[in-house]
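Structure first, commentary second.
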């Protein structure tokens with residue numbers, strides 16, 4: 001960083017006498033050496049310094065400057081929305097936005113690819129919600145684009161390093177920093193050319209000045225100093241959090257208890273039943289299966305469902321339906337077109353699959369979500385050398401089939417974009433339904449609205465005013 005840019009960031013013409021402006025590397029070395037080093041070799045060359053008296057006078061003058069009548073004033077409701085935090089932090093560090101803090105508008109920018117305009121009213125209603133639903137969407141919404149239109153990543157040398165930090169913060173439970181870095185990574189991956197300067201990075205929606213500093217450091221040196229100071233806990237936290245049933249919080253707790261290896265977890269940790277299953281099949285769960293194996297698993301579940309009732313529909317969703325070459329797990333959705341015969345089949349299908357030894361372990365044997373019923377477990381195809389795979393079976397009423405099919409197909413990024421788009425139309429979208437006439441006060445939903453008829457996925461797209469996207473076009 002040169003001195004002129006440093007002064008611009010500090011918003012001063014000169015620094016007062018007695019003040020040293022040093023490079024970031026000085027602080028990094030002080031920390032690594034555990035000693036206060038001389039600043040002589042790390043000082044930025046500065047113009048002639050002003051006296052502290054002159055600086056104080058300048059500050060007093062700036063305090064007396066009154067805003068003009070044309071100055072922009074933030075709407076009162078917007079101020080309230082920005083200061084209100086609806087989440088309850090589990091710790092001070094987790095609840096505090098960091099230097100790359102993520103606001104609600106940042107989240108919408110991550111979802112849409114552009115920064116939306118702030119709302120001017122705390123209540124969001126529309127006198128004609130049906131017209132709003134049919135209105136064609138303008139703007140670069142992710143859900144309105146085909147994922148196959150994703151351009152080449154011209155900034156891979158930058159995003160690779162930022163992704164390492166995003167992953168590290170995720171494992172450390174620092175969701176705000178992780179989200180901030182993920183936001184920057186998505187913005188850079190979507191950028192149409194290599195970033196050439198700090199100023200250019202600042203112009204990219206979703207990248208702030210401090211993130212631009214890091215981008216500039218990578219451009220100039222090919223390295224990011226922060227990577228040198230990733231804690232030694234990160235590889236261990238990643239190892240532990242990959243155990244099914246153990247998230248980042250549990251992984252951190254185990255680390256704090258002194259556990260460092262998988263053997264420590266096996267012999268010393270107090271494990272839940274699901275964590276014991278996750279540990280038993282650790283390697284199998286991490287190994288992605290070829291789509292041919294996922295198709296075979298789908299067929300076994302479909303055969304069991306149709307043995308119960310030939311009219312039942314069973315379909316694999318997730319990355320399999322999006323056309324991916326490999327899958328992490330398999331989600332199978334079951335329903336019946338008559339809207340009623342899905343009732344009672346949940347336990348019958350599971351009974352058939354258990355009796356055939358296809359299901360080997362139960363993680364969550366019965367989870368109810370309204371009229372939907374969900375099983376989460378482990379399966380293994382017959383034959384030698386077969387691996388244990390994660391399997392979810394969801395039985396839904398046919399009135400919810402289209403929204404459920406879209407939800408469980410994903411991707412997660414695509415789903416977030418669809419939900420955010422629905423919100424702008426005073427609607428809400430979930431795995432159950434697309435609702436109109438939704439009333440919100442800020443981020444709080446006051447009235448849940450009325451479900452719209454959605455017999456197919458195309459109905460959902462049409463009601464939201466965007467072109468239908470095939471499953472393979474939703475792989476964002």
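Cβ atoms are placed via backbone N, Cα and C, with glycine included.
Of the given residue ranges 53-104, 105-156, TrEMBL assigns the label region 'Disordered' to 53-104. Over the domain 'BRCT' (1-44), the average per-residue pLDDT in this prediction is 71.
DSSP assigns residue 214 (active site, nucleophile) to a helical segment in the three-state reduction.
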